[in-house]
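Below: one structure, written as structure tokens.
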Amino acid sequence: MILGLFDQFFTPYFAGIPLLAIAIIAPWLLFPTPSNRVVNDRSLAAQNSFILNFAKQILLPLNVGAHKWALLLTALMINLITLNLLGLLPYTFTPTTQLPLNMGFAIPLWLATVLIGLRNQPTIALGHLLPEGTPAPLVPVLIIIETISLFVRPFALGVRLTANLAAGHLLIQLLSSATLFLLDQMFPVAILTSLVMALLTILELAVAAIQAYVFVLLLSLYLQENT
């Protein structure tokens, strides 16, 4: 039973054990296991086609050295999009509405891209902190601003994903509560709110996929700057 609007974003517990880890691992059970057959079933063929097209789209602007991240970025994309979509089902929990979880994805991966840049091309990586042609009086100020913007990136990744998913879930919760309340009071208005909720649910399906793609796309752009 939900006592408040924001209770749906709390981590569920069973016998005092948080179910966040199970919610993250469970979606991988839905994917078919790859086989050595030349001709696979339709579900596996669709999965392979999606992975191929996604990897081609993400890695096309990157150089050959950054292609080592193909498996990691693809797995991250599949995990995020599955968690986001499964969270729209009734009586389910969306782990990606938890800011600590999203920061756990964002900070290590962002830090890895920064360390790769400092190791492979330290001059260029440090040169991003000071645009070319900057007047001498503005040099200290711009270095501070660029440094702050660099460290804000992982927080922007995590907060963007959390805020978009949480806002959509909250709107669906508000509209569903309004529809149930208006069924006995004003039936025509209840029908209208139910239609709006259906349209919002379709929009949330698109948001769930787009936000997972944007998360991985921004990581690939950070990787492109440092390789």
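Glycine is no exception: its Cβ is also placed from the backbone N, Cα and C atoms.
Record features (TrEMBL):
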{"type": "TRANSMEM", "residues": "12-31", "note": "transmembrane segment"}
{"type": "TRANSMEM", "residues": "69-89", "note": "transmembrane segment"}
{"type": "TRANSMEM", "residues": "101-118", "note": "transmembrane segment"}
{"type": "TRANSMEM", "residues": "138-156", "note": "transmembrane segment"}
{"type": "TRANSMEM", "residues": "163-183", "note": "transmembrane segment"}
{"type": "TRANSMEM", "residues": "189-222", "note": "transmembrane segment"}
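With a threshold of 8 Å between CB atoms, the same-chain residues lying at least 6 positions outside the transmembrane segment (69-89) that come near it are 23-24, 27-28, 30-31, 51, 54-55, 58-59, 62, 95-97, 105, 109, 161, 165, 169, 201, 204-205, 207-209, 211-213, 215-216, 219-220, 223. Between the transmembrane segment (189-222) and the transmembrane segment (101-118), the number of CB pairs under 8 angstroms, six or more residues apart, is three or more, so the stretches are in contact. Only residues 6 or more beyond the boundaries of the transmembrane segment (101-118), in the same chain, are considered here, and those with a CB under 8 A from a CB of the stretch are 20, 24, 72, 76, 80, 95, 124-126, 150, 153-155, 157-159, 161-162, 215, 219, 222-223, 225-227.
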